[in-house]
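*Asks:* Attaching a single structure in structure tokens format; questions to follow.
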Amino acid sequence: MDHEDRERGKSAGVDEEKWVYDSSVDHRGRVPLRASTGVWRASLFIIVIEFSERLSYFGISASLIIYLTSVIRQDLKTAAESSNYWTGVTTVMPLLGGFLADAYLGSFYTVLASSILYLLSPALKPCDANNCQEPRKIHEVVFFLAIYLISIGTGGHKPSLQSFGADQFDNYHHKERIKKMSFFNWWNFGLCSGLMLGVTVIVYVQDHVSWAVADIVLTAVMAGSIVVFCAGRSFYRYRKPMGSPLTPLLHVLVAAIRKRKLAYPSNTAELYEVSKTENHGRLLCHTHKLKFLDKAAIVEDKEGSTEKQQSPWRLATVTKVEELKLILNMMIPIWLATLPFGICVAQTSTFIHQHKKVLLPFLRKATGNERGIKILQRIGIGMVFSVVTMIVAALVERKEARPCGEEPTQGFNHDECVLCVIGVANFISSLLITIVDRVTDKWGKSWFGKDLNNSRLDNFYWFLAIITAVNLGGYVVLARRYSYKNEQGRGAVAVVDCYEGGDGVGTVA
């Protein structure tokens, strides 16, 4: 779409040094003026609110950590479930936030709404034995309301703010493309600065001054950043919401059901497809899987009305059909197969400190040091891992080097996919803990006692290891069957059959 608009602009004699012709608009819905919108004059406002969001997130998250620390001494299972539920909501919400931003609200209003939720989230001190004999119900309700407001706010910030920052730079403009690289460096600087101050300064104020003062500081910072963010409104470049991404998939499904009684064409050349220009420059090859969905691309009446005039609820392109096939046939099964892995990851925020009972005795014997390894040795090991990480990153980037000017292609947002796996896995982990607790309790003694000494977490880990091993076998079968998205070459003008001996070329409008 950006490429089409740019070509249209060139043919109309548009001065691309003066105007930004990449489908973005200014705050009044007009083509943005390059000299007064976007780039650093806009992105600095965005970095400020990212800093504030990270500061608030990690400052208020300290409340949950202290709460779980106090609860875990009394009830191991309750602490694990509380952590799983909160982590699950926090990691799943970006999917909803990204959907709303792309389909309806746009990035600016999604970020603004999320920031207001952060502002409404007080950093309440959890009730423990030092300030009350037993937690009051109302205190727990308000406390969890605050941390879940943070989860919902994160759902809007995480998928929207960084992409909104990237929208301030024109990928087709050489100077702006270079500046965009620097933007992500400063973005990470703002993120890490907020994180560092949240877990140091804010936590220090909570512990040594008062939670009320910390709450006032967080509220003032967040309120100030919202004012700053809104002050940059006239400098931003905006992308118009494109509507729900689920609608085209529903088009295919409804059209296929409506035409379920039609005979399947003997030649796939009769299936409907549009030109590459109309389909944003990409066409997918036809496959023979889930052939029922192909009926959505059957042209019913070629003489009565033109193909372009038919409703999308009755006629879909082969590319749209293949996108739905890809999701149903491969993406969903692969996603489900990764959930057991996510369940294992979820244990890092619940019982993982139990590993100390295995690792520390081994290290103490090996080094003769009571801590296992010295503090400076731990730092050194961390530095070694960072060096290895950068070497691997360099090798990967060298393998994935792209021709000059070519933008990386990406289908489903990989970060959101991973977050979705971990989020859902946290909910499943909580359910699994509850089931195992009840079953083992009926057998004689629950694996989850009131504390670590009365628990059998080793049995639970063996149970997870068995589940993961069985799942690995299923995953291998799915991975061997997986067929990657097959796009046509740049010179092609129509969809072809992906299989050898394909029976033709799709109908092109």
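Just so it is clear, glycine is given a Cβ too, placed from its N, Cα and C backbone atoms.
Worth saying up front: this structure is predicted, and the values here are computed from it rather than measured.
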*Asks:* Of 136-157, 334-355, which span is tagged transmembrane segment by TrEMBL?
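*Replies:* The listed stretch tagged transmembrane segment in TrEMBL is 334-355.
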*Asks:* Verify whether three or more Cβ pairs under 8 angstroms connect the transmembrane segment (92-120) with the transmembrane segment (417-440), leaving out any pair fewer than 6 apart in sequence.
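*Replies:* The transmembrane segment (92-120) and the transmembrane segment (417-440): touching, yes.
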*Asks:* Mind checking which residues of the chain, 6+ beyond the ends of the transmembrane segment (211-232), have their Cβ under 8 Å from one of its Cβ atoms?
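*Replies:* Distal contacts: 42, 44-46, 48-49, 51-53, 55-56, 59-60, 111-112, 115-116, 118-119, 122-125, 202, 205.
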